[in-house]
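Engineer: Okay, so TrEMBL annotates it like this:
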REGION    A:1-25  region 'Disordered'
COMPBIAS  A:15-25  compositional bias 'Low complexity'
TRANSMEM  A:41-63  transmembrane segment
TRANSMEM  A:83-116  transmembrane segment
DOMAIN    A:91-316  domain 'ABC transmembrane type-1'
TRANSMEM  A:128-152  transmembrane segment
TRANSMEM  A:182-201  transmembrane segment
TRANSMEM  A:297-320  transmembrane segment
Amino acid sequence: MDITPATAAPPPLGAAPAPAGQKATTRPGDRIFLALSRGSGILLLVIMAAIAVFLTVRATNALSHNEGNFFTTFEWSANSTPPVFGIAVLAFGTVVSSLIAMLIAVPVAIGIALFISHYAPRKLSTPLSYVIDLLAAVPSIVYGLWGALFLVPHLGGLYSWLNDYFGWTGIFEYHDGAARSLFTIGILLAIMILPIVTSVSREVFLQAPKMHEEAALALGATRWEVIRMSVLPFGRSGVISASMLGLGRALGETMAVATVLSPSFEIGKSLLDPGGGTFAQNIASSFKESGEIGKDALIASGLVLFVLTLLVNGAARLIIARRKEYTA
Amino acid sequence: MSGVTMNEQLVADGAPQAVSGLYQPRLPRWAPAALALGAAVVAIAIGLGAGLGSRVQWGLLAGVLYVAATFVVAARVEGRRQAKDRLATSLVWVCFLIAVVPLVSLMWETIARGIKVLDGNFLSHSMAGVLTIQPGGGVYHAIIGTLEQVGIATVIAAPIGLLTAIYLVEYGRGRLAKAVTFFVDVMTGIPSIVAGLFVLSFWILMMDNGYSGFAGSMALAILMMPVVVRSTEEMLKLVPNELREASLALGVPKWRTILKVVLPTAIGGIATGVMLAVARIAGESAPIVLLVFGSQLINNNPFEGAQSSLPYYIYEQWAAGNEASYDRAWAAALVLIAFVMILNLVARGIARWKAPRGGRS
């Protein structure tokens, strides 16, 4: 671990002119600079560790006061005495809304990525990828505002129709009212993660070996056959990690969910009726009314969210890293 | 490269149904457009006829009709393989349109509704003494808050991020560098609310400081660091090694090589990366809710007392739930989007203008 640039680790391309056997003198400027830059790297690791430690400390404080079961209680009364709270509803809402978002966003994102990389006229594809990148910059609170004031009123009709034809399944039951439900959240999250999933998938599709594509074309394949046989297999792991990055975003999205969802602490059978909650939304909406224990309880639920996103993002990064080694 | 031309001249692969000579029958070039138009007309007719209330359904109906019609027509005229190809093409187009519609609608709504109350008065006044149900008031205090919080976050995060990237590219070997790389990646995915909770637990709950703009800045800095590291790293990797070698061969110390040769070469890309990171954190509202607390008044001191910020202001005005406050929320959203988009465009302009040339790829 402890390496000086001149001996154990020559600078990139072995440019250090240290003759064999003679130890190069390190200048004080070099030492200070190395210490500074390595220090910042270490600082980043320390921050990550500190996040885990501080959240855990506060969370254990809350859990020691909790009268309910943290994982199975369907209630969030962290401010009453004795405090009773559990994350069952939040975990359900977070996972379900993120999964709905993935189900909608991933196929569409693959479609757009293919459109940009293989279907769109070249003149169109550059500005398009530009626009997609810009859309990733729209702040989540703006998505939330649009979702609450535009999307929700427009989804009522669709939900009634779903209720008429698929209401018998139970999950598509809908009773009139504002469509501020988990399914709406799923749709909104899908729109929000679309840009990131698209841009990562597009990068991977563009890297597909041109020779394979041309070989397939020369054999008389149609464009779809080219994509199915040479582009999609090449891009599979890239698309998987792109979707997991999107999933990470969806799991932790706060303000858009907090503005659109009308929360309740029960798990309803229907996805279309208002109710439910997510980790991040619950933290943002109930923070201001929380006392000491209440805040610690919210931190405990935040810790669960932290671990969840850590796992998802870590897995996505490992897949990307494996793929890099494989192709390089 | 797209293979359209090759495809169109493709000799039918000995297909028995080839009608005349060597060529398989093809749909005319205008067929997809005509089918799309037809599908849209039929969908609207069905929508009107069956009294479907929401326009979302009309669009979905048109999409389904278009895909199905393309497949059926192509299958009858061109054969199964070509039909599959057409099916994929039409699906990809429909995907693209599905994605464009909400995004265009988002932009349109924000601009159309935001422009209503956006004027000089709105930009230069705070909400002091304005009831939420009254029209009037403005975002001045929120703009001040956003600029100060984002500025402080940048001052904290940019140097740390820059130095970390230098470490990774110029010095980084071994396990420490690997660990830093991995955790920078993971850190990119930390939800903003978790960063907020972290600062809350150690700065406000444990060290007993009050709510302030600075607390928010620290959370924003945590979110900003990994983004800066990532983009700076990419840029430093683009600097040609010949430059480093030439400088080192002249006997210039490594740290001066980095400061005087490597960084100036990559400065355009680094500036772009930092500005994109600023644009990203400028729209964060979750940590602000936890740490800055929000205020109706102008507070110029980010180190003491509650402040507001643009994203928080939007949330607050939305929560107030009446026409006047909705108008203000839309107008603030327009200001925020304009700010973020201008940052993005300027950043990309710098990237194009200052792009390192002749680097190894």
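If you go along the chain as it appears here, the first residue is 1 and each next one adds 1.
A Cβ is built for glycine as well, from the same backbone N, Cα and C atoms used for every other residue.
Just so you know, TrEMBL annotations never went through curation; they're auto-generated.
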Engineer: Please give the sequence-distant neighbours of the transmembrane segment (A:297-320): residues at least 6 beyond its ends with Cβ less than 8 Å from one of its Cβ atoms.
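Structural biologist: Result: 51-52, 55-56, 58-59, 62-63, 66, 70, 76, 78, 83, 85, 87, 90-91, 94, 237-238, 240-242, 244-245, 247-248, 251-252, 279-280, 282-283, 286-287, 290.
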Engineer: With CB pairs under 8 Å as the measure, which of the listed stretches A:41-63, A:128-152, A:182-201 comes out on top against the transmembrane segment (A:83-116)?
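Structural biologist: By Cβ pairs under 8 Å, A:182-201 leads among A:41-63, A:128-152, A:182-201.
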Engineer: Can you work out which residues elsewhere in the same chain, 6+ from the ends of the transmembrane segment (A:128-152), have a Cβ less than 8 Å from its Cβ atoms?
Structural biologist: 112, 115-116, 120, 178-180, 184, 187-188, 191-192, 194-196, 198-199, 202, 253-260
